[in-house]
């Protein structure tokens with residue numbers, strides 16, 4: 001039953017997308033119309049600032065992460081492979097045990 | 001807790017929930033088969049009942065070597081952590097029920113028990129003993145994965161925690177010398193003991209740059225072990241920080257840094273459990289930031305967030321573990337399209353993902369917003385914005401990237417069966433709590449240390465802000481979907497310094513040092529060599545003074561001498 005429900009959602013992805021976009025627009029309009037009642041930060045009284053902040057935050061983080069990744073920290077998958085040499089025998093015995101188990 | 005349920009049996013006084021779990025762990029290997037499984041469930045159930053029945057107060061204090069050891073300091077702060085630890089021990093045991101490995105079960109129970117021991121410890125010696133026991137038991141949950149990578153990661157985990165233990169012990173000794181007492185309460189700022197103990201706690205709380213042990217070791221643990229690991233070590237450290245270091249300003253900035261460090265690295269992660277491990281760093285950052293601020297609202301928020309975090313993070317690790325258990329794969333680049341094969345796992349995963357992203361009606365929303373609210377009350381705009389940025393990143397990686405590329409996205413043709421029933425049951429219990437706390441936060445709020453809580457998460461302002469933030473993160477994610485596809489790479493983190501840089505430095509120093517030492521010795525030997533070679537020249541086997549002379553020439557020279565003396569006589 002759950003699979004059918006999920007399938008239904010996946011097959012109607014474009015309708016779902018439309019509905020979500022409408023809901024998001026409605027959310028911003030509601031935020032513009034209804035005062036939040038908070039005034040600790042200036043932006044709390046600006047309607048729709050959450051949406052703007054969310055989009056900007058997401059872009060900032062992706063930019064930051066990708067910059068860091070490609071600029072500094074991305075390495076091949078087997079970068080640390082060398083340090084495993086002394087322990088290789090363990091992998092072999094584990095693999096053997098798995099084979100005998102199955 | 002309800003008064004009617006206070007347990008006052010004579011033996012419960014010393015048999016605290018923590019000792020119950022540890023004793024249970026030690027006795028577990030006696031049993032075999034089904035009895036062992038039943039025992040594995042009974043022990044955490046009893047511990048949970050014992051925690052529920054613990055009345056506030058000081059229990060089980062023992063005189064030892066002229067020191068007063070307190071095994072059971074039960075107050076509102078320790079009890080809130082004890083509750084969630086006990087729930088988690090039971091959930092973890094159910095999740096691990098199918099595993100035929102007594103060592104893992106033992107390690108899991110002892111680990112949970114020692115974490116609870118730290119929480120109930122009223123003095124620093126008891127705390128230290130349980131602190132070390134936690135490390136020694138938990139490492140087996142990594143090693144029992146029986147892969148080369150796990151063994152190596154386990155050793156590194158042990159090394160880092162040994163450093164944390166030594167710092168803590170040094171701090172305790174200095175503290176005792178200074179104050180003359182071992183009771184564990186707020187530690188006076190600025191003293192050497194303050195910094196030593198703080199550093200020890202910070203290593204366990206995975207505060208950057210001392211956090212890499214976590215993201216290094218947790219992805220290499222066993223499927224069931226990682227569920228225990230993600231719950232206890234960092235959260236005991238959150239508890240100890242909350243007890244000993246509230247209102248420490250440096251924790252505000254370190255906490256904010258943690259939240260951003262975690263989410264940034266999570267964007268790059270490919271291994272699903274490493275992605276989730278980076279979000280432990282990030283979420284613990286919220287708690288650390290709350291402790292740093294130290295107002296009643298912030299401390300309540302940190303305690304509440306630790307409570308909800310343990311449950312949703314365990315649920316995330318359980319569903320990720322189910323994927324690994326059923327497919328044998330852990331990389332996002334090798335997964336995809338699993339939702340039809342594992343729909344329940346997908347559903348449970350999404351409940352946890354919405355909780356960690358703080359969607360309204362889930363547990364994360366009622367706890368995380370407390371910490372943000374505390375900063376808003378304080379008008380600390382910069383920290384508030386940093387934490388909100390991290391909230392957006394949390395939804396990006398855990399709520400969108402991981403489920404999209406593992407459960408939806410392209411179909412990799414994987415058709416595993418749904419996870420075993422015991423795993424699903426454990427996930428179901430955790431998922432229930434995620435929703436229950438979100439819908440009925442008063443249940444959690446009445447456990448918190450600073451009463452009355454008087455906070456309502458469900459104001460239009462909070463709900464609007466949160467929904468807008470999350471939905472627009474979603475929009476950007478789907479717009480940049482191709483750009484965000486995972487890469488089959490790993491990322492370097494601060495563990496690089498002790499995995500690569502330090503061995504290189506040692507090798508370099510060793511090589512250069514050997515050469516320099518040899519030349520120094522050679523320089524010192526030069527005068528000696530000169531003396532020896534000169535002596536050899538005259539006195540050696542071929543030296544002029546050691547040469548053998550024939551008897552004939554001797555006679556000749558005697559004759560010459562006699563002739564000369566005769567001639568001289570006549571002159």
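Numbering starts at 1 and runs along the chain as it is shown here.
Including glycine, each Cβ sits where the backbone N, Cα and C put it.
In TrEMBL this protein carries:
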type: TRANSMEM; residues: B:14-31; note: transmembrane segment
type: TRANSMEM; residues: B:38-57; note: transmembrane segment
type: TRANSMEM; residues: B:109-131; note: transmembrane segment
type: DOMAIN; residues: B:121-390; note: domain 'NADH:quinone oxidoreductase/Mrp antiporter transmembrane'
type: TRANSMEM; residues: B:151-177; note: transmembrane segment
type: TRANSMEM; residues: B:189-207; note: transmembrane segment
type: TRANSMEM; residues: B:250-268; note: transmembrane segment
type: TRANSMEM; residues: B:275-298; note: transmembrane segment
type: TRANSMEM; residues: B:310-326; note: transmembrane segment
type: TRANSMEM; residues: B:338-361; note: transmembrane segment
type: TRANSMEM; residues: B:381-402; note: transmembrane segment
type: TRANSMEM; residues: B:423-443; note: transmembrane segment
type: TRANSMEM; residues: B:544-570; note: transmembrane segment
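Between the transmembrane segment (B:109-131) and the stretches B:14-31, B:38-57, B:189-207, B:338-361, B:381-402, it is B:14-31 that has the most C-beta pairs under 8 angstroms. Here the transmembrane segment (B:381-402) touches the transmembrane segment (B:275-298). Their Cβ atoms form 3 or more pairs under 8 Å, with each pair 6 or more residues apart. Here the listed stretches are B:14-31, B:275-298, B:310-326, B:338-361, and the one with the most C-beta pairs under 8 angstroms to the transmembrane segment (B:38-57) is B:14-31. Same-chain residues lying 6 or more positions outside the transmembrane segment (B:310-326) and placing a CB less than 8 Å from one of its CB atoms are 84-85, 87-88, 91-92, 95, 223-224, 226-227, 230-231, 235, 272-273, 276, 279-280, 283, 335, 338, 341-342, 345-346, 348-349, 351-353, 355-356, 362-364, 398, 402, 406, 416-420, 423, 426-427, 430-431, 433-434, 437.
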